[in-house]
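Structure record follows, encoded as structure tokens.
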Amino acid sequence: MYVVSRQTAKLIDEYTINTIGIPSIVLMENAGEKIFESIKSKGDKYIIFCGVGNNGGDGLVIARKLFLLGKGVKIVVVNCGTKKSLEFVTNINIIKKLNIEIKEINKDSDFDKELIDDIKNSDIVLDSILGIGLNRIIEGVIYKVIESINTYSKYVISVDIPSGIDSNSGEVLGIAIKANETYTIENIKKGFVRYDAFEYLGKVKVVYIGIPNFVKEKFNEKVSFLHKYEYKKMIPIRKVWGHKGDYGKVLLIGGSPGYSGAAYICTEAVVRSGAGLVSLLTDLNTQQVLSNKLIEAMTVNYEEQGRIKNLLKTCNVIACGPGLGVSDDKYDILKRCIKETEIPIILDADALNILDNHKELLSFVKNRAVITPHFGEFSRLSGYSIEEIKKDRVNLAKSYALQHDVIVVLKGYNTIITNGDDVVINYTGNSKMASGGMGDCLTGIIASFIGQGMNRFKASILACYIHGLAGDKLSKDKYSISATDIIEELPKIIEEAVIS
């Protein structure tokens with residue numbers, strides 16, 4: 001499903017109505033029907049707050065269908081003195097003929113204790129006041145309505161977007177509905193991927209109302225969430241006659257005294273996600289700590305120059321950084337790996353910290369690197385503050401990837417993966433995964449998938465999905481999740497994704 005700006009959403013609607021010939025009133029009826037079907041069993045008493053535009057019209061369709069089902073329905077029309085859309089007028093006339101209870105609110109004095117009691121006594125408050133066209137600060141009676149809904153409601157469902165959220169930026173325009181669920185129409189809105197908006201959206205569900213896919217493709221902004229079946233198609237299929245040499249030779253560089261765990265987690269993640277041959281290059285002390293634990297991977301230390309030379313010739317992907325350290329000798333080994341190879345390389349953790357101090361290395365990894373920064377690391381690399389990144393992470397990650405010809409995996413809730421042209425936003429994962437080693441685990445999965453023959457972009461997309469999917473499965477019966485929990489789950493999760 002695509003992520004679109006308000007301008008693109010408008011173009012899609014206009015093309016569907018004017019060129020394809022599906023009337024706006026039909027699309028409104030479809031939207032109302034789909035949302036009605038999803039919410040009809042959530043309660044017995046519903047209060048629907050409507051604006052007088054098409055978002056309000058959607059709410060009226062839902063109200064009508066709930067009423068005809070026998071639910072308790074009250075409608076509150078807000079700011080009805082403003083210009084009404086034709087579709088709203090059509091639907092409000094139907095509502096009046098059905099004798100559904102309507103209250104109009106045009107000024108603060110219209111908002112009385114009885115209305116507050118109605119909000120308190122309703123199982124569901126439906127918000128269809130303001131749609132994606134909102135671009136001004138909310139004030140006056142609408143402010144008071146939203147404030148009261150947030151204060152007194154039991155459960156709030158928003159139609160298309162919570163009223164008060166800027167659909168492009170995700171900013172709160174003075175005040176906004178705090179929804180428990182948002183049923184957004186056809187496409188995810190651009191502002192939904194901004195962190196500031198998350199607490200207002202609740203659980204987001206996309207409803208499809210009959211807009212042809214080719215129309216959405218025509219106006220595609222190249223930012224999307226993928227469907228489960230699209231991930232399934234990416235997973236490397238293992239041949240009946242395959243052997244370990246067919247599934248990649250992965251070289252990991254990392255670990256240092258006190259940070260052997262990062263290298264261990266990354267190495268195990270590579271093994272458990274299907275790579276054929278895995279080697280860890282580390283210092284002698286870390287090698288001695290890990291060699292007995294990493295029974296399915298080989299270990300090499302920095303003094304074994306002959307083995308290092310051979311590994312750099314024979315491996316088909318390198319992952320560098322977990323627990324590595326940032327000393328001069330670590331810079332030297334990173335520089336050597338970059339300059340002596342032309343294969344894909346994943347740069348994570350301390351490799352990114354080294355890169356921050358030696359940005360000239362970026363010119364040697366064009367068209368072959370994946371970088372996996374969290375916000376702090378990306379801030380240092382890009383020069384943008386963390387707050388600036390949070391406000392516009394899609395565009396900033398995309399711009400950096402394009403400028404340096406790398407794949408950027410900007411980690412966080414709804415991780416951003418971009419090649420500088422297309423952007424995929426990952427929807428798996430949860431806050432129970434917020435623990436040390438998760439990034440090292442992800443780096444290992446990316447390396448494993450590249451080793452198995454996937455291109456860097458698809459490997460990064462799939463790795464983020466699988467990593468988060470494992471976390472989502474484990475979260476059902478765990479308070480918190482460790483990286484080793486994820487690693488243990490990887491083979492099963494990947495197989496389940498293949499056969500699902």
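Backbone N, Cα and C define each Cβ position, glycine as well.
A TrEMBL annotation is a machine prediction, not a hand-curated record.
DSSP assigns Gly57 ((6S)-NADPHX binding site) to a helix. Sequence-distant neighbours of Gly57 ((6S)-NADPHX binding site): residues of the same chain at least 6 apart with a C-beta under 8 Å from its C-beta are Met28, Cys50, Ser85, Glu87, Phe88, Thr90, Asn91. As annotated by TrEMBL, (6S)-NADPHX binding site applies to 54-58, 131-137, Asp160, Ala262, Gly323, His374, Asp440.
Spatially close to Asn55 (K(+) binding site) yet at least six residues away along the chain are Ser128, Ile129, Leu130, Gly131, Ile132, Val159, Asp160, judged by Cβ distances under 8 angstroms. If you look up TrEMBL, you'll see Asn55, Asp127, Ser163 marked as K(+) binding site.
With a 10 A radius on its CB, Asn414 (AMP binding site) counts 20 other CB atoms from all the protein chains. According to TrEMBL, the AMP binding site annotation covers Lys411, Gly412, Tyr413, Asn414, Thr415, Gly439.
According to TrEMBL, the feature domain 'YjeF N-terminal' maps to 9-217.
The domain 'YjeF C-terminal' annotation in TrEMBL covers 227-497.
The two recorded residues, Asn414 (AMP binding site) and Asp127 (K(+) binding site), show a Cα separation of 25 Å. Cα separation, His374 ((6S)-NADPHX binding site) to Gly412 (AMP binding site), rounded: 7 Å. Look at the binding-site residues His374, Lys411 and count other Cβ atoms within 10 Å of each Cβ; His374 has the fewest. Reported as a whole number, the C-alpha separation between Ser163 (K(+) binding site) and Asn135 ((6S)-NADPHX binding site) equals 11 Å. Taking the centre of the Cβ atoms of Asn55, Asp127, Ser163 as the K(+) site, the nearby residues of that chain (Cβ within 8 Å, site residues left out) are Phe49, Gly51, Gly56, Gly59, Ser128, Ile129, Leu130, Gly131, Ser158, Val159, Asp160, Ile161, Pro162, Ile177.
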